[in-house]
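Engineer: Sharing the feature lines straight out of TrEMBL:
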type	residues	note
COMPBIAS	14-23	compositional bias 'Basic and acidic residues'
COMPBIAS	197-211	compositional bias 'Low complexity'
DOMAIN	260-359	domain 'Rab geranylgeranyltransferase alpha subunit insert-domain'
REGION	1-23	region 'Disordered'
REGION	192-212	region 'Disordered'
Amino acid sequence: MHGRVKVKSTAQQEEEKRKEREKKLKAFVSARDAVLRKRSAGEHDEEALQLTQQLLSSNPDFATLWNYRREVLLQLETSREKDEVQKLYESELHFIEACLKVNPKSYGCWHHRSWVNTRLPQPDWTRELGLCDRCLSLDERNFHCWDYRRVVVKESGVSVEQELQFTDRLIGSNFSNYSSWHYRSTLLPQLHPQPAPDSASNTSPSPTASPQIHSHRVCEEQLLKEYELAHNAFFTDPNDQSAWFYYRWLLGRAEREEMISCVYVSRERERVSVAFSKPVHAQSEGLMLVLDGQPQQVEWRSTHPRLRHSPVWLCDLPPGSVSDISNEHNLTVHWTEKYTHRDCALYTGCAESWCRDSATDQELFRSELSVEKSSVLQAELQSCNQLLELEPQNKWCLLTIILLMRALDPLGHEKETLAHFQTLKEVDPMRSSYYSDLCSKFLIENTILKMEYAEVRVFSLSNKNLTTLCHLDQLLLVTHINLSSNQLLRLPPQFAMLQCLEVLEADDNAIESLEGLYHLPKLEEVSLRNNQICKLSDLESLASCTKLTRLDLRGNPVHKTANIDSELSQLLPLVTALSL
């Protein structure tokens, strides 16, 4: 048997590996303990650097060692000349680079490198930018490197235009580079900001400006060019999601102006309801109510205890201040932090009054693109429809077509939108619930628009397969709502924003929670036939609706509760017409 290599068994190999690991671990623990003893003793010397270097070279994610290393470097810095400090930190940069080769996504390495450059007398930002380029060429989605690059760009004064060209190169070499698309979305508003509403002309910033200076939306001219770039990307690879996400960001870029969108005042309740364009915390937003020229001391509250930030806030006026129907009153709500206000006149003989912007006037649910450019969007829609013919089951294309249709004409394209949602659920069943919720959102938006065009206060969305409720702040003035024959599971806390609601129909759903039926001052009638209300406690919120007299609970499991009639009579003594 001489001359033959003895083959070790698997058990032998595993045992040797185990012993080798134990040996390395013992050495690591010994070195670690030595380092921690030195730190506890307050020793900040060259030996500490050497010991931490040994440990970090094998495990660069040991944050305590990076902290100790910074302490040592700061101590050594005090006893050295400027040139020596430069060499000390340059050596540190070389060491960090070696650690990054062990783990390119080490939080500690990138943080320490950023710190070292703040200590360098003469940092070489060009070198750092080159390091970022090399790291991103190896892993284009290394978000640690992307974050560090933004620091380097800010410190070195690299222009926004140069960085935008950098994203051009990366996207040009790989359309699937999502990080580049995202970085581009942060650069464009700085280089091509949308002018302020009161701006007389569009003054572009200097191309040499730092990317960290400006923070605006993208001007329309550049936005339309970006459509074409994204268009080229997803036509090249329709199944890659990166360009589709960027395209969706472009379509959804519009932001609502921060303002008071509605003021409603009721004589009977002597109460003012204020709706904002976004959720706010009114108690810290500097709201002031002026009645007939006199500032009022009022206490603002949201419509539900769970809504700390809400788009609708209420306050009670001083008793007797507006109750006399023969008097006329003028109210003004000032939002001092945003330098805006809204007036509301309560005329003689009127029990209520309001002043608001309609969703149709605001184009609340559409992109802020001018009519002149709608032809471009129409061309994009046609192109996406052509792609859909080639890729009929492409979910990204289907969803983008829906968004384009909504940007162009949400009501005119409603039927096609619903058909596309049905197709989406079939081709992407894992996200069926998401598509159902999104479809519900769009249906509610369309119904709000139809309601306002008709100038009525009745909101009807029965038999539409709704799975969620949204935009409830837009229904502040609605008196009658029909949500029957849908797939709703709850009436959320936001439902309490419907301060004018008198009649609610929500039959034939799967509602288990009535949390949102809370302190609705005008609610008189509620129909909840054939839902999933199981316990008497599920109805407790209704006790806060002091005008409720008619309640229909037929077909709910709660009717099996023992002594349900007497229990309900005790819980809701004002209800005179109860159906179980």
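A Cβ is built for glycine as well, from the same backbone N, Cα and C atoms used for every other residue.
TrEMBL entries are annotated by machine, without manual review.
Quick one: how deep are these features, and who are their neighbours?
Structural biologist: Remark: secondary structure over the domain 'Rab geranylgeranyltransferase alpha subunit insert-domain' (260-359) totals 7 helix, 53 strand, 40 coil, with classes taken from DSSP.
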Engineer: Mind looking up the mean pLDDT for the domain 'Rab geranylgeranyltransferase alpha subunit insert-domain' (260-359) in the predicted model?
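Structural biologist: Average per-residue pLDDT within the domain 'Rab geranylgeranyltransferase alpha subunit insert-domain' (260-359): 92.
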Engineer: For the compositional bias 'Basic and acidic residues' (14-23), jot down how many residues DSSP puts in helix, in strand and in coil.
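Structural biologist: The compositional bias 'Basic and acidic residues' (14-23) comes out at 10 helix, 0 strand, 0 coil.
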